[in-house]
Amino acid sequence: MAGDESPTAAELRNQVRYLEAEVAALRRRLLEHPADGRSLESRLSETQASLASVTAQNERLAETLREAREKIIALKEEVDRLAQPPSGFGTFLGRNDDDTLDVFTGGRKLRVAASPSVDLDALKLGQELMLNEALNVVEACDFEVVGDVVMLKELLADGERALVIAQADEERVVRLASPLLDQALRAGDSLLLEPRSGYVYEKIPKSEVEELVLEEVPDIDYTQIGGLFGQIEQIRDAVEMPYLHKDLFLEHELKPPKGVLLYGPPGCGKTLIAKAVANSLAKKVAEKTGVEGRSFFLNIKGPELLNKYVGETERHIRLVFQRAREKASEGMPVIVFFDEMDSLFRTRGSGVSSDVENTIVPQLLSEIDGVEGLENVIVIGASNREDMIDPAILRPGRLDVKIKIERPDAEAARDIFSKYLTTTLPLHADDVNEFGGDRRECVNGMIQRTVERMYTEADENRFLEVTYANGDKEVLYFKDFNSGAMIQNIVDRAKKMAIKAFLDDNQKGLRVQHLLQACVDEFKENEDLPNTTNPDDWARISGKKGERIVYIRTLISGKQGTEPGRSIDTATNTGQYL
């Protein structure tokens, strides 16, 4: 151990021994010469102090040496670690009888040995492995998490390989990694491909169809829809009856309709009815069979289905109906709903800048005709320009049932108001007292007065004067352009007014004056919306059919009286469709 110490430490040790010997000598002299005791004790104290100082210095030096030794060891380990050759990675392809492994690394397929610390039985196809400088497996890693996204075209017969479509429609055969071997894969799924090894690792939840459809049925039923009693009865006869009474249809040799077209002006409940159909159908089937029922509502967003690349829109349509067939094959009723159907399936040859409808329409026709062999699929389309949809789609045998969703009349408006004005709302005490404290009668009275205000053919309700091609003129009132969406908006306006009144004057509750003022504000807000540049197109979308309209003049009552009408030649604000 002395050989490991520095010369300074040895000198200090010798000095300590020398001082200890001197102390012993002084003690002996003190015993021999008591008279010199005082001076000797003083020297003894000095010597002991020197001894303690040297001992402390020796301990500090020893601690410094220990720290230096630990730093040297740590630096040596760091140097050894940095000097190690780099480790490579490879993809596990298989295990051989002699426990060697087939690995794909560096663009080559190699057969390598494995370290005893690697559990060979736990290795899975496609797993990433760490290799040392001798290309031997030293550690098992996780699966690859990045790569290219490809679309599955079909699974091969062996169940371990698949045909996929990569970029630029390139077809490629790939291997399925272990995580995918037990998963249910179907054509159109997006998969993660590691292009060098040729393995697909996981299913990417990014199906193009899933971006365009809503599979789960919204929680909407017919009781939430007001003013459409006849239309609801028609669609129930067209959709629910064939599923609930299949035996009767077979007995009468009657085929269920393949599709339903809901058409009419905007904001009148076409989409709402379509959403309620699947929900009602699932409940009816559950009541009949006693089994928890479930139906699917594929809500196709028409404009988003369009794609600038040739053939992509048609492929999306095929995937939509493929999804519908899969769900229907499980015995579940499936409704494929095309909202704004005229945006996708226009009359062929009517395109201004493109002829995309020449291929989209035939694709839908072939899919609808293909639905004939399925029992649980029905197509529902909604449009406010049914005149622009290709006639081949509207013919019997495809969209068999056509239901017009009219603008609400006074009776329908009362029913719609009752969906939004309920007794649970905070009502003003003065209004309730007018009806003897009966909240139900108060609400009914509010609805009655509001409907009378909206549907009265008074000068204050005049909206437009239209001129037809034959020279006839007609005055249109706001009631002619009323809709369920407008009624909901009026109620919402009144509720906001009630909130502001409570914040300003501390008067809580909805009043009939709020509803009447909301009607005025709603009418005033819509006064600039009629498109006077193309009056006939505007009239068709607004639900005004018949003789062609060539001129529109607004008849809105302004603050100082009737504002001047606007002709199609001088109009500068084309506005939006009402």
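A Cβ is built for glycine as well, from the same backbone N, Cα and C atoms used for every other residue.
Since the structure is predicted, the reported quantities are computational estimates derived from the model, not experimental observations.
According to Swiss-Prot, the feature coiled coil maps to 8-84, an assignment based on sequence analysis. The ATP binding site annotation in Swiss-Prot covers G267, C268, G269, K270, T271, L272, and the record cites sequence analysis as its basis.
Listed in sequence order, the residues L262, G264, P266, I273, A382, I405, S483, G484, A485 complete the 8 Å Cβ shell around the ATP site centroid, once G267, C268, G269, K270, T271, L272 themselves are left out. Counting other C-beta atoms within 10 Å of each candidate's C-beta, the binding-site residues G267, G269 are led by G269. In three-state terms derived from DSSP, C268 (ATP binding site) belongs to neither a helical nor a strand segment and is classed as coil. Looking only at the coiled coil (8-84), the predicted model's pLDDT averages out at 82. The Cβ of L272 has fewer other Cβ atoms within 10 Å than any other of the binding-site residues C268, L272.
Neighbours of T271 (ATP binding site), defined as other CB atoms within 10 A of its CB across all chains, total 19. For K270 (ATP binding site), the Cβ neighbour count at a 10 Å cut-off comes to 27, with all displayed protein chains included.
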